Amino acid sequence: MDDSEDPNKLASTLHEPPTAAAATQPLLQKPYPTFEPAITSASEPEEDQTQYLQISYNYGPRSIKDIPFLVLFCLLVLCTFGFGIFASVHRNPHRSQVSSFIYNTTSSSCTFVKDIRSPFSSNSSRWSLFYESLSDSSTSYGRPTFLNNSNSSPLDGLHGNYSFSTHLTSLNSSKSSLSKGTSENSSYPDNSVPLDSPKSTFLSGLIDYASLLGNPASLKSRKSSLVKSLIWTLVITLIVSVPFVLLVLLFLKHYTKQLVYASLPFFVIVPIFINVYWFVACALSSRCSDAFPLGYRIVVLIFVFLVIAVIVWIFVSNWHRIELTVRIIGVASNALWSNLGLFGVLPALTLGLFVYYVPIVVFLIFAIRNGKIVPKEEHGEYHCVWKQDGWVPAYYTLAILTMLWSATVMIEGQVYVISGTIAQWYFSKNDLGPKHGIRSSLRNAFGPSSGTICFSGLLICVVRVVRSVVDNARREDASGIVNLILRCCANALLSAFDFLNKFTINFTAITGEAYCSAARMTYELLKRNLLSTVFVEVVSTRILAGIVLVLSAIYAIVVCVLLKAAVHLGDDAYFVALMAWILLIVILGFFAHVLDNVIETVYVCYAIDRDRGEVYKQDVHEVYVHLPISRSHRAGFVSRTPLVV
């Protein structure tokens, strides 16, 4: 093919002498399959083609991009904090004291009773009636009288009636005096209760509960043992997770094939073991059998086995790509191992997000207290109720939207930092990468590219909200042709965005381009090099997720066995093991998420390398050259020679 007619001419000819370009040209033509050249429009500016050919990592100063979205995000945050401070200052301190307000007929408003003890005094006619009725009820029908002292106050009487922990003897003696009083005094009706009646059972249970409150040593001991075991287990899991993640990463770097193939059987064995174990344990437990009938247990058992069968089918249908996936994970693990500082920066960013959330949550709590207590008429009577200010729901909407957008901005910021750091490692001449790669990525993420990150976070936030609405409509089984059309349009738009956004933020971290420009350039870059923007190596994601589930499940089983054997925690060991499993799976899931982003970043860097006709990492080219061109292409190790320069 004539070079003048090839729009995919590599950029190496722009930077090498003619002899060198001619020498390397045969090597550049052989490794990759032939394809039909893209038809270039005559009206397309020639500058765009040269711009595409000059794609590389931008080490120089970058200009600020997507400024309007940065301004919008900052304005939203300032409004949230400003109205939050206003809500904190103007909150009503009587929000929780609505019951202390009474309707004043003179002023036609609600008046606060300042002295809370004054209603219990003998001068209050309302509480005097309550006192008389309480005294009458305490001396009627032969029941024991606690308010038999004329000098005692109603408060003392109430204390005597409801202090179970200090009057257990009185309660027990009251039970006996109840039968004596009814038999000796014939003027009162006979209200004796048979011992086998439901009332007697309820009274006995009440006395037993009062005795438990009076001597709750066994209950406190059980709760304290559970809480202590839970705290220690979570702390140990959190401490052990750090070297555990590093050990998994080290094994994935050096023994990827062995670890993956050793984990594959456990993808089936562990779910089967857990499924059979809970079924047998529930059958042996009378409490579980009574609460969960046999028919429902069989249905759940069969459903879990069907899910396991689907998992097996997924791996069998993708078995031809396992070897390629193993090598991709190995390359990404090597890149991540060379940038271990990411494991300190990324959790710090997440912690910073939670610290940023704290004042917003406080403002939301104070916003509820903005309002006033007003009289309300019901059935001809007035009583005092709480009326919230009309702007509070609007502030809640503003604060929640700000929190959602901030979360997506932080997620995109983390992806940007990962991509920028890995890209600097990739385009360096040594395996260690630049010394300040993470610092440079952080400076670019929260500096010149902050507007781009805000724009990307806004798009992701909108997509998540729309997807949630579509999923809710599908779960509610909304019928009608209009709902069907809306769901189809929404799914098409979401798929188009996923198509657009897949590698855009990675490309932005590498070049510093604006979001829309980066999306267009990414698509053109991958299209020119026969790399599909639709295809994503999802098998690596599934295998990483399976490894995370297997390792965390094995850890939870070990924790459960140790708690039952050493601590003698009983059935509470299942709950503690479940909490340890959730904590470890969150940590390992975060690790898998980082490794996925590394895989995608290396993919874009490989595309840039191939577009320029250069090889910065030969081991990466040896693996990524085998990626399928499209979804219909069957991936595998075919006789394709990697690019060598």
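Glycine is no exception: its Cβ is also placed from the backbone N, Cα and C atoms.
The feature region 'Disordered' is assigned by TrEMBL to 1-26.
Under the heading compositional bias 'Low complexity', TrEMBL lists 17-26.
Within the same chain, residues 359-360, 362-364, 366-367, 369-370, 391-392, 395, 398-399, 401-402, 405-406, 409, 450-452, 454-455, 457-458 sit at least 6 positions outside the transmembrane segment (67-89) and bring their C-beta atoms closer than 8 Å to a C-beta of that stretch. Annotation source TrEMBL lists transmembrane segment at 67-89 (among others).
The transmembrane segment annotation in TrEMBL covers 230-252 (among others).
Nonlocal intrachain contacts for the transmembrane segment (264-284), taken as residues 6+ away from its ends with a CB within less than 8 angstroms of a stretch CB, comprise 292, 294, 297, 301, 304-305, 307-308, 311-312, 315, 546, 549-550, 553-554. Sequence annotations record features per position, and here TrEMBL assigns transmembrane segment to 264-284 (among others).
Marked as transmembrane segment by TrEMBL: 296-316 (among others).
With a threshold of 8 Å between CB atoms, the same-chain residues lying at least 6 positions outside the transmembrane segment (336-366) that come near it are 80-81, 83-85, 87-88, 91, 245-246, 249-250, 253, 396, 399, 402-403, 406-407, 410, 413-414, 417-418, 421-422, 425, 431-433, 437-438, 442, 590, 594-595, 598. Annotation comment: TrEMBL describes 336-366 (among others) as transmembrane segment.
The feature transmembrane segment is assigned by TrEMBL to 395-426 (among others).
Sequence annotations record features per position, and here TrEMBL assigns transmembrane segment to 446-466 (among others).
Annotation source TrEMBL lists transmembrane segment at 543-567 (among others).
The transmembrane segment feature in TrEMBL is assigned to 573-595 (among others).
For the transmembrane segment (573-595), the list of distant contacts is 226, 229-230, 233-234, 237-238, 241, 244-245, 248-249, 252, 329, 332-333, 336, 342-343, 346-347, 418, 541, 544-545, 547-549, 551-553, 555-557, 559-560, 563-564, 567: same-chain residues at least six beyond its ends, Cβ to Cβ under 8 Å.
When Cβ-Cβ distances below 8 Å are used as the criterion, the transmembrane segment (230-252) is approached by residues 258-259, 329-330, 333, 336-337, 340, 343, 547, 551, 555, 559, 563, 575-577, 579-580, 583-584, 587-588, 591, 595 of the same chain, each at least six residues removed from its ends.
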